[in-house]
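The compositional bias 'Polar residues' annotation in TrEMBL covers 47-88. The annotation compositional bias 'Acidic residues' is assigned in TrEMBL to 98-112. Residues annotated as domain 'Zinc finger PHD-type' in TrEMBL: 180-241, 291-352, 487-547, 599-670. TrEMBL lists 40-113 with the feature region 'Disordered'.
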Amino acid sequence: MNLVGEFHKVEINGKPYLTYFFKKRIKKKKIPYLIFNNPRYPVLQPHSPNSSDQENSSDEANSSDQENSSDEANSSDQENSSDEANSSEQEKSSDESNSADEEATDSDDDLPLEPLFLCPSVRIQETSGSHETLFFDRWRVRTEGFSMFTTSPLFDNDSYGHHVFPLFWCNNKEAGPQGECSACSFQTPGTDYYFCVACDKRYHKECVESPVEIYYPCHLKHPLKLYLSEDRSNQYCLLCRGKADIMVYHCSRSDVYMHVVCAQKTIPIFIDHPKRHDHTLTLFPRQASLTCNICGLINKLHLTYVCRSICDFVAHSDCIFIPQTIRISRHHHRISFVSSLPLGGWSCGVCRREVDCDYGAYTCDVCRGYAVHTRCALRYDVWDGIELEGIPEEEDEDVDPFEMVADQVILYFSHGHPLSFETSRIFDENKLCQACALPIYEGHFYDCLECDFILHEACASAPRKKIYPLHPHPLKLETVHPQGFFYCRVCGRRSNGFFYRCSNGDCDYQVDLRCAMVSEPFNYHGHRHPLFLALDPKEKAMCNLCKSTSSYDRKVLNCLECDYIICFECATLPYKAMYKHHKDYLTFSHGNEVSESDWCELCEGQVAVGGNKEGFYKCNSCGVTLHVDCLLGEDPYLKPGVTIKPAGTEVWFRILRNISSSRPVCTTCTDRCQYRIYFQNEANVYCSLLCIIY
């Protein structure tokens with residue numbers, strides 16, 4: 001039988017709460033209890049419904065032994081001195097006592113015990129079988145799993161797999177170092193656990209008992225379904241704003257996600273939080289169109305609390321406990337929450353829209369006129385989740401990427417030889433910047449005096465530590481990746497040049513140097529207005545050039561004055577490039593500027609094939625056109641001469657230049673390698689990473 005979860009009003013310590021219950025009562029089964037022996041927590045002794053009876057029976061047995069060991073003479077005197085009336089009364093009371101004991105024993109046997117629950121790993125394995133491999137885009141192949149659970153959490157004789165045992169300890173106010181659940185990988189203080197003997201793992205009580213659907217108080221029109229989510233992006237819990245992964249509750253209609261643990265937490269009817277409001281806040285009985293005084297929005301997906309005193313204060317459940325002082329990725333100073341703003345025109349520093357001065361917002365004490373919407377400031381890609389109130393501010397130490405050792409000669413931090421300042425005069429396609437992997441087309445660069453190490457002037461000046469607007473944690477500049485290459489989390493491209501890695505050890509965020517150098521406002525040569533990072537990550541925005549849609553690793557820039565949108569992949573391509581068989585520069589052009597008469601100079605194919613009008617390179621003087629891939633290659637940010645190890649393989653491949661007169665034949669697709677680089681492992685040749693994977 002499947003369980004359905006819902007909330008009911010109960011009293012805990014004299015205060016009303018909404019508490020999660022199973023919707024359907026089930027016949028419970030007997031279950032043994034396991035005791036978890038953790039030195040951090042006092043251990044409770046096993047307890048069963050008959051334990052008190054056993055103690056009583058033990059006491060009676062001891063008392064009986066003592067009575068039996070009494071002196072025979074005294075016993076004989078007592079028996080002789082008793083009269084018949086007392087004897088009959090003792091017999092009557094004895095019969096009543098025995099009858100009561102029998103009734104108590106029968107009652108104890110009928111007591112309902114805890115049901116058996118299926119191990120979450122079994123449910124996950126059964127659900128993961130329906131996952132599919134999706135071609136994310138032309139840069140990579142990704143596996144995105146999002147499947148609905150259909151298996152009940154209850155374990156019976158017909159269930160496949162094994163069940164779990166409950167764990168008990170006295171104090172679980174704080175999650176221990178081993179308190180991580182193997183089903184959701186989410187540390188949650190204040191929850192009970194189950195233990196699986198077969199898997200030797202522990203699980204949250206909420207994860208083990210999670211029904212396939214649940215009705216949440218602010219989402220009663222349709223239930224939240226239980227899903228298995230793996231390698232999906234932009235999924236964050238509605239209640240705690242944390243990343244929602246593995247076992248999650250989801251509603252496809254309202255696009256809502258909840259952690260299994262968060263969805264089953266007890267909801268208070270009254271909240272006292274003097275820091276946010278002086279009076280007691282009461283849970284509003286229905287979701288109405290009430291504007292929150294803290295965030296200034298109407299959001300029916302959150303529980304709403306109101307002040308029933310003399311004021312008209314309204315707050316969402318997740319807005320009541322917001323932090324007072326934080327640091328965001330869009331500003332260099334700390335910002336603090338204020339309940340209202342002075343009169344005037346205020347613009348949000350994140351979404352660039354107007355901020356209503358009658359509602360709460362975050363402001364900077366250093367920069368006058370800087371404000372951010374409450375919910376914009378607390379976005380997962382803007383705020384790092386750390387409350388800074390009461391914590392002294394530390395000055396960030398800037399470390400220069402190079403040292404000036406002589407006039408126009410520098411010593412770069414990752415290179416042991418001096419670099420000389422030069423100006424580009426003659427194009428050489430074999431001269432590549434080691435930082436961004438692009439050729440030296442024009443402008444200034446640094447050239448090593450002893451080897452072929454070259455850096456663009458702008459690339460050499462990139463800071464070693466950086467606050468990046470698209471990531472909440474500070475980034476650190478790295479020059480070599482352990483796998484030889486990586487995928488940029490902003491444009492989705494493969495690169496083996498320099499990159500920025502998140503300084504937080506638990507975060508795997510990494511971005512290539514070209515994307516990391518983008519800042520607001522961004523002046524793009526192909527558009528007359530400045531561009532900003534003003535769109536919410538949840539918005540599916542389409543690039544005006546390549547027509548791709550923004551996603552997990554394909555971010556976009558947008559114009560505030562018109563509807564122009566460009567993705568980072570197109571925005572960071574060199575606006576001007578050189579072709580070795582052409583003397584003039586080629587300019588990156590929009591797809592809508594191509595005509596059916598335009599043909600690629602290199603592959604001799606139509607630039608707009610089948611109506612697909614992506615960006616391309618064109619000479620404004622003579623009209624020569626080339627595909628982006630034909631001019632720069634399918635992987636323009638992979639340098640030759642580097643060894644890489646693709647994910648899913650244990651073999652290293654070397655990247656080589658494709659400069660021979662007879663191009664090598666790919667081992668997988670049997671076509672000749674047409675781009676500027678190819679991959680080789682011993683005698684095997686591959687034209688792309690996709691051919692290596694397959």
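Each Cβ is built from the backbone N, Cα and C atoms, and glycine gets one as well.
What TrEMBL says about a protein is an automatic prediction, not a curated fact.
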Query - Averaged pLDDT, computed only over the residues in the domain 'Zinc finger PHD-type' (180-241) - result: 80
Query raised in the report: Between the stretches 180-241, 291-352, 487-547, which wins on the count of C-beta pairs under 8 angstroms to the domain 'Zinc finger PHD-type' (599-670)?
Result: 487-547
Requested in this report: Over the span of the domain 'Zinc finger PHD-type' (599-670), count residues by DSSP class, listing helix, strand and coil in order.
Outcome: 5 helix, 19 strand, 48 coil
